[in-house]
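A short worksheet on the structure shown next.
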């Protein structure tokens with residue numbers, strides 16, 4: 001009767017990969033030969049390693065769940081045809097016919113790791129002038145217990161006895177071309193040519209463990225929302241101690257209380273009371289990099305803008321800074337008393353905008369009428 005690998009690890013048949021890995025790690029720590037030298041315990045340790053080798057590999061697990069034993073010598077065999085054990089596609093047929101399939105060779109256990117990405121929030125002034133930030137990232141790193149090899153301390157990977165280190169097995173298959181010899185990856189070693197009889201208890205044979213690291217990232221001036229900064233080799237370390245992938249830091253610019261960014265231009269609004277200092281008086285505006293004097297000329301209307309050239313965001317790829325656009329908003333009093341209304345009428349007369357009754361033309365309003373409408377909330 002076939003071994004019940006689920007029972008060996010003490011997990012349900014619908015257990016997730018995470019549950020299987022946790023169960024193996026727990027048992028491996030209890031039954032490891034360095035901890036418990038009892039010969040019976042060592043046999044039990046071999047059983048949990050075999051169970052984990054099958055259940056942690058999707059292909060082997062599928063074969064096992066269908067009633068096969070992927071660790072047996074004949075477990076990976078198959079009948080002819082185009083299904084399992086036969087030809088997967090036309091290139092397999094041509095490889096078999098011309099004898100090229102056996103030239104594939106074993107796969108390397110050392111592979112490049114996956115890329116990773118995190119989001120980093122920065123302030124507007126940091127985006128404008130650049131900065132340096134320390135970030136924390138959670139990625140896979142090389143297991144220090146096995147140095148990325150995946151084997152328990154004191155053990156090592158062994159040559160696969162099924163394929164004898166070739167990484168592939170051959171079989172005779174019948175097709176419309178007749179009987180041909182075809183090769184495919186060894187089901188026992190998955191094409192690696194070696195097997196790990198005793199996986200590392202710390203990383204469960206993966207050669208990697210999760211870790212939190214602190215990295216320093218330099219943010220150049222001019223970055224915008226969505227800009228990705230690449231840190232080569234700082235992503236996930238590869239299986240078998242392979243080189244790490246890249247880490248991408250995606251910039252997210254936080255809203256500013258005063259300035260709004262549109263491309264590389266900055267925009268802000270300056271409020272000027274109608275009854276305040278004369279419009280031509282210079283005013284000081286606090287920008288991202290200090291105080292700036294702006295000159296609002298006489299006659300400037302609400303809604304007009306004053307550009308400050310070169311006071312925007314420096315372009316990411318170099319060059320001068322763009323503009324800071326100052327939008328002027330002229331405010332009027334919310335309510336007029338009798339004296340204020342009289343003064344406005346006098347001003348309208350001086351400007352020649354108050355006309356006698358009967359001379360008013362549709363579509364034309366004097367200064368007093370326009371201001372009064374504004375004060376009363378009418379447009």
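The backbone N, Cα and C atoms fix where each Cβ goes, glycine too.
Owing to the predicted nature of the structure, the values given are computational and were not obtained by experimental measurement.
Annotated Zn(2+) 2 binding site per Swiss-Prot: 160, 163, 186, 189, in sequence order. The region 'Disordered' feature in Swiss-Prot is assigned to 351-379. Under the heading repeat 'CXXCXGXG motif', Swiss-Prot lists 143-150, 160-167, 186-193, 200-207. The zinc finger annotation in Swiss-Prot covers 130-212.
Of the ranges 160-167, 186-193, 200-207, the one with the most Cβ pairs under 8 Å to the repeat 'CXXCXGXG motif' (143-150) is 200-207. Listed in chain order, the residues near the Zn(2+) 2 site other than 160, 163, 186, 189 are 106, 161, 162, 164, 165, 166, 167, 168, 169, 185, 187, 188, 190, 191, 192, 193, 194, 195, each with its Cβ within 8 Å of the site Cβ centroid.
Residue 163 (Zn(2+) 2 binding site) carries neither a helix nor a strand DSSP state and counts as coil. For residue 163 (Zn(2+) 2 binding site), other Cβ atoms within 10 Å of its Cβ number 24. Looking just at the repeat 'CXXCXGXG motif' (186-193), the mean pLDDT is 89. Its Cβ placed at the centre, residue 186 (Zn(2+) 2 binding site) has 23 other Cβ atoms within 10 Å. Here the binding-site residues are 160, 189; the one with the fewest Cβ atoms within 10 Å of its Cβ is 160. Across the repeat 'CXXCXGXG motif' (200-207), DSSP classifies residues as 0 helix, 0 strand, 8 coil. For the zinc finger (130-212), the number of residues in each DSSP class (helix H, G, I; strand E, B; coil) is 0 helix, 39 strand, 44 coil.
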